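Below is one structure, written out as structure tokens; comments come after it.
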Amino acid sequence: MVKICCIGAGYVGGPTMAVIALKCPSIEVAVVDISVPRITAWNSDQLPIYEPGLDDVVKQCRGKNLFFSTDVEKHVAEADIVFVSVNTPTKTRGLGAGKAADLTYWESAARMIADVSKSDKIVVEKSTVPGTAIADLFNPDRVLIGGRETPEGQKAIQALKSVYAQWVPEDQILTTNLWSAELSKLAANAFLAQRISSVNAMSALCEATGANVKQVSFAVGTDSRIGPKFLNASVGFGGSCFQKDILNLVYICECNGLPEVAEYWKQVIKINDYQKNRFVNRVVASMFNTVSSKKVAILGFAFKKDTGDTRETPAIDVCKGLLGDKARLSIYDPQVTEDQIQRDLTMNKFDWDHPLHLQPMSPTTVKQVSVVWDAYEATKDAHAVCILTEWDEFKTLDYQRIYDNMRKPAFIFDGRNIIDVDKLREIGFIVYSIGKPLDPWLKDMPAVA
């Protein structure tokens, strides 16, 4: 029986291994991590991460051919293929600070594999382009495998290909050399983020001219050469990969003497930061240029709907911006815990990408932040509502009820363009929706960048 071991039981390792176990019943899969609480959670009814469909997959396989363990060395020693899905945070000091990947955890995993191995191993650096994890793993557009152009390297590529070929059509499994695979992954995320920054840049121009960004992006997306995906204007992109991969790309360009190419890709992140700042400025400027001591309801904290993942979520920067102006925040997200929200709001930049046991254990709580478990509780007595994640439930809330229980004038700032602007204006709200014609009130109070 082929044995696979995955080091790292996070957002990449856990779901990937669960799907491999489900699709390859003849393979024994072990997911290992030094974090006892995380492995305990994977072995419980309350998994440590939320992804649609993940629960079912884990429950079908756990204890049969899928195991979660803290006995890292035992499982690595027994494995034929070792996946490494450990943290690769952006460096905060030293050579390449602010751009390069910190490979400390990767190197220690590699050294441990070398130390405990008594037989040949295929070592796989597992990375993923973000999407809906389980659906994407079941039906990937492609699986990209890069390896050395040596007889051993080609043999390793074929062995890994035979695993994925048990459910992925062979013509969707691409094989390349190492650098092609690395740059393909970085480029895919950079291109996706670039599309979001492109439509977000247009959203600012739409507001300035009276155009509607939804109409513009729809018209652009009907061009078959461009297509409609990733053209929704929003408060900004988030997730673990986009910013990190672009910074990596920038660093690689700089190291190879390509400063113009590096500058080009930096702009994608600059526009994303600009969009988040613009949103905060719009909120403050609209509310008589101060949110000090005013209650602001934050609906949604995850970086996108249908996940509990808050890594690099735009909500962090928006909340920090509002807190900087002394607002009181009441936050509701159906899948994100109070502990996670407080941790995110008190951590330094890039700290999130270190293993949990190396993050500050009991972060100081932000006193002006309360986390509630109901949208109506969050919005009660609030001066404003900011929608920062496109959860479906936010589309069907009773906004008349919300309006009745808010302070007046009642503001809604829709950072995801999911609400019916006209309906809400009829109720009495002053509405700001990204990239849409401005409410007369907002025209009189221009947001200062």
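From the backbone N, Cα and C atoms, a Cβ is placed for every residue, glycine too.
These features come from TrEMBL:
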- CYS241: active site, nucleophile (ACT_SITE)
- 8-13, ASP33, ARG38, 86-90, 127-128, 241-244, ARG311: NAD(+) binding site (BINDING)
- 297-421: domain 'UDP-glucose/GDP-mannose dehydrogenase C-terminal' (DOMAIN)
Taking 10 A as the limit, how many CB atoms besides its own sit near the CB of ASN87 (NAD(+) binding site)? 18
Taking only the Cα atoms, work out how far GLY8 (NAD(+) binding site) lies from CYS241 (active site, nucleophile), in Å, as a whole number. 16
Where ASN87 (NAD(+) binding site) and CYS241 (active site, nucleophile) are concerned, what is their Cα separation in Å, rounded? 11
Which whole-number value in Å describes the distance between the Cα atoms of the residue listed as 'active site, nucleophile' and TYR11 (NAD(+) binding site)? 12
How many neighbouring Cβ atoms, not counting its own, are there within 10 Å of the Cβ of CYS241 (active site, nucleophile)? 24
Mean per-residue pLDDT in the domain 'UDP-glucose/GDP-mannose dehydrogenase C-terminal' (297-421) works out to 93
Under 8 Å Cβ to Cβ from LYS244 (NAD(+) binding site), same chain, six or more residues apart: give me those in sequence order, or none if nothing qualifies. THR88, PRO89, THR90, ALA101, GLU312, ASP353
